[in-house]
């Protein structure tokens with residue numbers, strides 16, 4: 001295993017020093033694949049294009065992120081930015097590598113969440129686009145473009161994570177494989193407009209299930225805060241260690257998203273617009289308004305205390321699907337005052 005990790009450091013060093021002109025590209029790619037962006041950007045963008053597809057992306061995102069958290073607790077996995085120092089590798093072998101603000105994530109490293117969660121959540125989008133393209137062209141070369149773009153993007157995400165010292169190559173590979181498999185398995189099984197109790201129980205299961213596993217492992221003598229301690233110890237700058245990269249930050253986001261989706265689908269606002277077909281201009285207006293509300297939510301910041309942050313994060317992501325699914329479309333439809341035919345199944 002030591003040789004595998006050493007090879008990962010050498011690969012990161014090569015990416016940083018042999019291809020310096022690509023630094024901004026890698027930073028941009030890893031930003032695009034940030035799991036938080038699946039919730040805040042990809043979800044509304046896809047939802048306003050296709051309600052069914054948007055809900056699929058959202059559901060798969062928070063289920064896969066929860067599974068990624070559980071996998072990391074059991075698989076552990078060092079991250080390169082701390083392993084290179086903690087193992088003594090940097091003292092024995094001169095190495096020219098440096099960290100970035102997005103390097104210092106606090107959770108265990110295996111498997112890569114960026115690769116796993118993004119790969120799974122974008123799977124139904126890729127399949128839908130592939131089906132649309134296949135229905136409009138007979139060219140086999142054109143038909144493979146969506147799948148090729150999907151694979152190319154995930155490959156770039158994996159390389160960016162190695163470049164940033166956030167993951168070793170084998171962790172990236174594990175994340176890619178898990179993401180594709182979960183996307184394939186979960187896409188046909190996304191629940192659509194179930195009763196509110198179903199979503200409430202889902203949120204409760206995510207929260208209590210992860211908490212039970214955490215305390216069970218803690219009782220058995222496993223210190224699951226080990227990765228937080230190492231990240232804080234070896235990160236070049238303390239301000240790069242962000243609270244929203246902690247494992248329980250993703251748990252509060254996932255459980256809040258599950259509950260929020262259920263509430264959104266059972267609000268009076270959604271009941272009024274669920275069979276309304278929005279025009280392209282209205283969809284664009286919905287997305288712009290949703291992004292404006294997101295900017296406001298981000299402007300609010302978060303409490304400095306860890307426990308209060310988790311509560312705030314839960315409430316924030318409970319509110320977010322209510323805004324995207326119910327309130328924003330209702331506001332746009334009401335203000336535009338346009339009659340629309342019943343929505344087609346999408």
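Glycine is treated like the rest: Cβ placed from N, Cα and C.
Just so it is clear, the model here is predicted, and its values are computed rather than measured.
With respect to the membrane, residue 189 and residue 335 are annotated on the same face, judging by the topological domain names in Swiss-Prot. Annotated range for transmembrane segment in Swiss-Prot, selecting from 92-110, 168-186: 168-186.
The Cβ neighbour count for residue 161 (substrate binding site), using a 10 Å radius and every protein chain shown, is 31. Shown for the topological domain 'Cytoplasmic' (47-56): DSSP residue counts in helix, strand and coil, namely 9 helix, 0 strand, 1 coil. Here the transmembrane segment (116-135) sits apart from the transmembrane segment (255-273); fewer than 3 CB pairs are under 8 Å, leaving out pairs fewer than 6 apart in sequence. Counting Cβ pairs closer than 8 Å and at least 6 residues apart in sequence, the transmembrane segment (198-218) and the transmembrane segment (57-77) reach three or more and so form a contact.
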